[in-house]
Structure formats: C-alpha cells, structure tokens
Amino acid sequence: MRIVLVGPPGAGKGTQAVRLAKELVIPHISTGDLFRANISQQTELGKLAKSYMDRGELVPDSVTIDMAKDRMEQADAENGFLLDGFPRNVDQAKALDELLTTEGIKLDAVLDLEVPEDEVVKRIAGRRICRNDSSHVFHVTYSPPKKEGVCDVCGGELYQRGDDREETVRTRLEVYHTQTEPIIDYYKAQGLVVTISSLGPVDEITQRALGALKREKAEQ
Ligand SMILES: [Zn+2]
C-alpha cells in the first residue's frame, strides 16, 4: 500500500506511522529521517539542504521532493510506503502526483488522523521530558511520573520544551490549518482520504486505522 499520513501536531502521527509501517510491512518515510540521513551521509541533496539550513532559510520544496524520490525508489519501497511529514502543502502534493505518475504508480490512501484542537493542546502542553534523555517522556495527566518533576527512569529533572507551550502549540496548529489542511481537500477530490479519530488508546487507533485502510483498499 502507498499511503500518505496527515494529521495535526499532537495527533500521534509519529507513533502511528511506526506501528502502521510495521503492520503493513512497508517502509516509514518521514521527512525528518530523510533530512537526517541525507545530511549525515553527505549526499548532494543533503549538502544542498544544509546550505539553506545553515543560512537559516527554508529548504525549497524541490529538495525535499528529490529526497523523497530517491527514498521511494529504493528496493524496500517497491510494494509500498508510508509517507509522514510529506507532502506538507498543496505544491508538494502536486509534485508528488507528478512523480508517481512518472513512475506509473499511484497512492492508495491518505490517512487523516483527526483530533479536536483542545485535545491537541492538552496532549502537547502536558508533555514533560527528561533533561538526561529525551526518550524519557511523561505527561502530567496521561502518564504522570511517580514524583512530580522527576523522571521515573533515571531521576533526571523533567521540563517542558519551548515547542510544547500552549501558545506555541496554537501557532503550530494555525500553520497546519493554513498550509497542510488544504492537501486534505486536494486528496478528497481524488477520493483518497480516509479519516479516523485519533482518540483513545494507541493500540485501538492502530487497529482503527488498519481497518479503515483495508476497507478503502477493498473498495478500489
Ligand atoms: Zn530520565
């Protein structure tokens, strides 16, 4: 299956992407990983991307698209892929369509993880991260540490990332509404959008997504 995953910040996109890719036995292609891999391997695209980043400029869509193209052409992506973080605007979605047409393939579904805005704010603003290890993550309501402000794993101090503050979250949501949400309409016109609720336990959301993707595939 060839899938594009979309959803606002705080929808649990990263978590679901990893789980769905594993269940469907397709590579999870995230723009974050693409950038990191190209930069650390010092590919031409990586060097180009870094030159923009070093100047504090946005990396042009064309660079991101070329990185995604390279990755989608690798052997493990032959039977499908799950794109996460790309496309993030309508221009990129159009470029992706052109690319897929050239390769003679098409998307099977655009999975849209839906979560109410207030829930997004609650999820992100409640996040607390360990100063010693950023993989030690807690939540003031959903997974509180045994002792407030202290990491259960290593005893480190817990803090809130600047990105996770409520006003920053609202700004990130605004960017999502103006830039990324239009791609949902773009794909709706192609009949590709599958919307599921991203509320509830992580396992349930994964099962809900797999069920919805299966139905979508069966209809085609
Ligand atoms: Zn810790």
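Each position is counted from 1, following the chain as shown.
Backbone N, Cα and C atoms are what each Cβ position is placed from, and that goes for glycine too.
Per TrEMBL, these features apply:
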BINDING   Gly10, Ala11, Gly12, Lys13, Gly14, Thr15, Arg127, Val137, Phe138, Gly200  ATP binding site
REGION    30-59  region 'NMP'
BINDING   Thr31, Arg36, Glu57, Leu58, Val59, Gly85, Phe86, Pro87, Arg88, Gln92, Arg161, Arg172  AMP binding site
DOMAIN    127-163  domain 'Adenylate kinase active site lid'
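Known features from TrEMBL, placed on the structure.
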residue	record	contacts (Cβ under 8 Å, 6+ apart)
Gly10	ATP binding site	Val115, Glu119, Val120, Val121, Arg123, Ile124, Val169
Gly12	ATP binding site	Leu113, Val115, Ser198, Val202, Ile205
Thr31	AMP binding site	Thr64, Met67, Ala68, Asp84, Gly85, Phe86, Arg88
Glu57	AMP binding site	none
Val59	AMP binding site	Phe35, Ala49, Tyr52, Met53
Arg127	ATP binding site	Val137, Phe138, His139, Gln160, Arg161, Asp164
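In the three-state DSSP scheme, Phe138 (ATP binding site) is classed as strand.
Nonlocal intrachain contacts for the domain 'Adenylate kinase active site lid' (127-163), taken as residues 6+ away from its ends with a CB within less than 8 angstroms of a stretch CB, comprise 172. When Cβ neighbours within 10 Å are tallied across all protein chains shown, the highest count among the binding-site residues Arg88, Arg161 belongs to Arg88. Each residue of the domain 'Adenylate kinase active site lid' (127-163) gets a DSSP state, and the totals for helix, strand and coil are 2 helix, 12 strand, 23 coil. Taking the Cβ of Phe86 (AMP binding site) as centre and 10 Å as the limit, one finds 23 other Cβ atoms among all the protein chains shown. The binding-site residues near ligand 1, defined by a Cβ under 6 Å from one of its atoms, do not include any of Gly12, Arg88, Arg161.
One residue stands out among the binding-site residues Gly14, Phe138 for having the most other Cβ atoms within 10 Å of its Cβ: Phe138. Taking DSSP states H, G and I as helix and E and B as strand, the region 'NMP' (30-59) has 21 helix, 1 strand, 8 coil. For the recorded site, Gly14 (ATP binding site), the DSSP three-state label reads helix.
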